[in-house]
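Here's the structure, in structure tokens; my notes come after.
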Amino acid sequence: MRNKKGLIILLVLISVLLLSGVVSGQKEKVVSLPFWDTPGLIPYYWQAQHILAQGTIFEGLFGYAPDPKGLGGVKVVPVIAQSYKVSKDYKVWTFKLRKDKRWSNGDPVTAKDFEWSFRYYASPKIQDLPAWAGPLQFFENFWAVKSGAEDPSKLGVKALDDYTLEIRLDVPRYDMKEWLCVAQGVPIHRKSVEADPQNWWRPGKIVVNGPYIPVSWTPGKDMVLVKNPKYVGETGNVDKIVLKFGGLGLQQYMAGELDAAMIGNVAEYRFVMADPKLSKEFHEDVMDCFWNGYQWSRGFDPVMDNLKLRQALAMAIDREKLCKDVLGGRALPLAKYWPDGNPIGDKMKAIPFDVKKAQQLLAEAGYPGGKGLKTLVFYITGGGDPVVEFIVDQWKKNLGINVIIENVESGLYWNSYVWPSFSPDAKAGFTVIGAPMNNLEIGALFKNSDHTVWFYDFPTSARKRYHELNQENDAWLRKDGGLTQADWAPLLEKRKTLYETWKKIVDNEPEKLWKEDIARKPTWFERFDELYEKWKAAKTKEEKTNYWRLAGREITGQEIFQNWYLNLSKESKQAYRWRFRAINRPFSEAVKIAHYALQGMQDRYYMVPVYLAKAQWVKNPKLEGLMLYKFSWGPGFFNFKYLNLKD
Amino acid sequence: MGLIKYIIRRLFTIFVSIVVVIIITYILMWLAPGDFFNIAQFQASAGKVATLTPEQLQVLIKGFEEKYGLNVPLWKQIWNYLKDAFRFKFGPSFSNPNEPIEVQIARRFPVTFTLAILSMALAVLVGIPLGIIAALKRNTWIDYVSMFFSMLGSIIPAYLIGVIMVLVFSVWLRWLPSSGWESPKQMIMPVIAVGLGPMAVIARFMRSSLLDVLNQDYIRTAYAKGGPDRAVIMRHALRNSLIPIVTIIGPQLAFLFTGTVWIENLFRVPGLGQLFVNAASMRDYPLLVTSTFILSLSVMSMNLLVDIIYAFLDPRIKYE
């Protein structure tokens with residue numbers, strides 16, 4: 001009898017164990033990965049959470065899927081969108097949504113979620129939305145809504161029914177699918193946001209529509225994500241992901257605390273390659289969404305107007321040697337904005353390394369052997385920069401040119417020397433630049449090289465005038481006056497002369513798309529005339545001053561345009577025409593012709609590619625589907641829904 | 001009564017000093033090249049704002065300035081900040097718009113406080129006996145060995161000690177987790193790495209201070225009275241030699257509240273140091289002013305505490 005009881009208990013225990021998966025080996029699959037330090041989980045901010053929002057905890061109409069041959073290693077695929085149609089002018093996009101998508105609390109994901117979320121992001125309530133980083137900036141009335149001039153209901157988004165969403169744009173956009181992949185393109189859960197506007201995003205409260213739910217985390221500590229049981233769509237087999245911020249990645253990996261780790265420097269790289277076990281777990285890929293190199297400083301010294309000087313400097317750098325000796329094999333030589341082996345790079349011509357030619361060009365530029373050329377300045381930040389030291393050394397050795405290295409405080413460096421339109425205080429010289437794509441979209445294909453057209457390629461006198469006009473334009477915001485007709489007289493006079501020139505520009509511009517852009521309605525003079533009429537009808541002094549100020553800005557805005565257009569080199573104009581052609585066609589088509597514009601801009605030698613960084617990492621051999629993030633925050637890992645952990 | 005009056009007077013001085021420090025900080029920030037919006041947006045955007053029209057840019061600037069209270073004159077910004085700061089309300093930061101700075105500080109302060117207190121406890125518990133032994137065994141091998149190790153502690157950077165410990169105890173021996181701040185095991189290495197520096201300083205100060213006291217007339221008198229060595233040292237010498245140690249512990253502790261950034265990065269300790277150092281390098285102005293506020297408050301409070309402890313350690317010190 002006792003034996004029988006014992007047998008029954010044993011059988012019950014075995015059954016429980018089998019059911020719980022312990023005996024069958026179905027234990028929880030947990031992966032620990034490094035991630036960027038993330039201050040919150042609100043998706044629309046440009047902090048690290050935007051990367052987590054792209055396909056891991058949130059999803060939008062479209063998303064990224066791995067594609068080793070695609071730009072950035074990704075391709076755009078429909079996620080919540082089932083199908084779409086677009087109007088002929090590419091201004092109205094209509095999406096049919098999948099009906100099986102659910103929020104993590106079980107609510108269906110509908111077109112109304114998108115409509116509400118986009119209006120919420122666009123509303124003045126979100127005062128610091130980084131609109132430049134998302135698709136909303138192109139929505140009809142976005143800027144008027146954001147400024148408070150229009151109600152959010154006027155934003156160009158509408159749920160036609162529960163599963164049909166219409167997006168109307170201010171201007172044609174051929175790459176809306178691409179733009180809708182980014183974090184400002186994902187919806188958030190209305191009920192939970194309205195229930196607790198301050199804390200809806202905290203683990204325990206957050207309702208997501210992606211494959212993973214954050215269940216525990218306080219900023220700075222590990223974040224734990226578990227599989228969203230309500231998620232419908234393709235996922236891997238990983239049940240739990242632990243994200244770790246900071247620390248010694250490689251050592252954490254070696255201690256068994258991480259399943260993958262980025263290699264951060266040459267010493268780590270050499271250590272890994274010398275280790276028999278680690279070297280087998282080593283992987284690398286090129287960061288093709290960047291180019292690293294230098295750009296001329298954005299000051300007003302006429303020395304940089306000399307094309308031959310710019311060419312000579314670009315051709316006198318031994319990029320192979322740099323990558324081997326200085327960067328320790330963690331980069332590839334890059335003498336064009338896109339590398340070989342990709343659809344854009346394959347069609348571009350590289351800057352040659354040719355010291356003799358460089359010396360000849362330098363002599364033709366008026367500085368034989370570097371004689372007569374003033375000492376140039378290479379601005380850096382954060383202490384020494386071995387790449388800059390190498391370049392400066394190459395210029396001295398190959399061309400006899402003296403360049404001094406000047407260290408600048410980081411805030412000043414990025415703000416006043418690297419990314420502004422102009423740097424009035426900068427001496428003739430250079431800054432380093434790592435020019436990234438923030439995300440996949442047509443404008444980003446040019447990797448910021450279009451700054452050549454916008455801010456560089458016209459004579460110094462015109463660049464200086466451009467800067468002064470910019471300042472004048474800002475000054476109009478604070479000007480007093482505009483109460484009498486006499487205040488308008490100079491503006492009306494300028495309007496007349498500017499119109500004559502504008503008309504000539506429109507008539508003579510050969511590129512139809514550019515011409516259309518310049519003449520897009522309402523034109524600057526139509527807006528000016530409307531402001532003038534409003535001024536005449538205005539009742540209060542404040543209104544009158546305001547209309548006068550806005551009209552003044554229209555005038556200086558047009559002066560800026562004309563100063564720019566008329567002084568731009570013919571080569572840059574031609575490159576810009578190609579840019580227009582590229583941005584006015586679908587993404588896949590734009591990729592095919594982007595090289596014309598890129599080549600044109602590269603050949604002006606203001607922004608010069610030097611090397612292409614590699615992303616290097618080690619990973620648990622059992623882990624598959626790890627996606628490398630190659631855009632501007634990269635390298636790192638993202639889009640964890642494809643992770644698979646083999647037994 | 002005298003002590004209470006003294007404390008009140010000092011608290012008032014602290015208040016005035018902090019107001020002055022904040023005003024200076026604001027003026028320096030205002031004088032620095034580049035304005036708030038440009039720093040915050042240009043750095044983040046990698047030149048993308050260049051594609052916006054001036055009007056669109058103005059919309060972004062306006063919203064941004066409103067959120068961070070930058071749309072009023074400088075004097076008003078300072079006034080608004082001080083008004084809220086003394087109630088521990090600091091508003092949002094550029095690098096973390098998700099939640100106010102006081103929430104970030106409230107979450108990180110206990111971590112930093114624990115790290116600082118544990119490290120200082122380690123430093124005191126090891127440093128003081130080490131210094132005493134070295135002083136009492138002056139010019140013997142014990143003295144040389146003690147001072148050699150305390151010298152090592154002060155010349156090897158905490159960061160390097162941390163890396164070596166990770167390699168030995170996490171990677172090779174696998175005894176301790178390499179990072180994190182959840183369990184006592186995770187705290188061992190960061191506490192040792194942070195504590196070794198102050199420990200070395202305390203040991204050396206203790207040694208020289210005790211040697212100094214041992215040469216005083218009153219110690220000779222105590223010995224002459226025939227008291228046992230132990231009683232003379234414990235009752236007369238040690239107490240007086242601790243005064244300079246208290247002086248250095250106060251500022252060291254205040255420094256540890258914000259000066260442990262390398263160790264925080266290395267061991268993934270979510271403390272204040274990392275937050276405040278990032279504020280400076282990323283020009284996160286709201287956070288930068290707040291870090292100045294917190295640091296000033298910590299240092300001044302610690303100095304006040306040290307002065308109060310003096311009164312208990314040395315009966316000759318009277319506060320009027």
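In case you wondered, yes, glycine gets a Cβ from its N, Cα and C as well.
The transmembrane segment annotation in TrEMBL covers B:12-32 (among others).
Annotation comment: TrEMBL describes B:109-306 as domain 'ABC transmembrane type-1'.
Under the heading transmembrane segment, TrEMBL lists B:113-136 (among others). Within its own chain, the transmembrane segment (B:113-136) has Cβ neighbours under 8 Å at 142-143, 146-147, 149-150, 187, 190-192, 194-211, 214, 233, 238, 242, 245, 249, 252-253, 256-257, 260, 263, 269, 271, counting only residues six or more beyond its boundaries.
As annotated by TrEMBL, transmembrane segment applies to B:148-175 (among others). With a cut-off of 8 Å between Cβ atoms, the residues of this chain six or more beyond the transmembrane segment (B:148-175) that come close are 127, 130-131, 134, 189-190, 192-194, 196-197, 199-201, 203-204, 260, 262-263, 266-267.
Non-local neighbours of the transmembrane segment (B:187-206) in the same chain are 114-116, 118-124, 126-128, 130-132, 134-135, 146-147, 149-154, 156, 158-159, 161-162, 165-166, 169-170, 176, 181, 241, 244-245, 248-249, 252, 256, 260, 263-264, 266-267, 269; each lies 6+ residues outside the stretch with a CB under 8 Å from one of its CB atoms. According to TrEMBL, the feature transmembrane segment maps to B:187-206 (among others).
Panel annotation: around the transmembrane segment (B:242-263), residues 112-113, 115-117, 119-120, 123-124, 128, 157-159, 162, 190, 193-194, 198, 201-202, 205-206, 209, 269, 271-274, 276-277, 291, 294-295, 298-299, 301-303, 305-306, 309-310, 313-314 of the same chain, lying at least six beyond its termini, place a Cβ under 8 Å from a Cβ of the stretch. Feature annotation from TrEMBL assigns transmembrane segment to B:242-263 (among others).
Tertiary neighbourhood of the transmembrane segment (B:285-313): same-chain residues 3, 7, 10-11, 14, 17-18, 21-22, 25-26, 29, 36, 39, 68, 81, 85, 90-95, 101, 105, 239-240, 242-243, 246-247, 249-251, 253-254, 257-258, 272, 275-276, 278-279, 319, selected by CB-CB distance under 8 Å and a gap of 6+ residues from either end. The transmembrane segment annotation in TrEMBL covers B:285-313 (among others).
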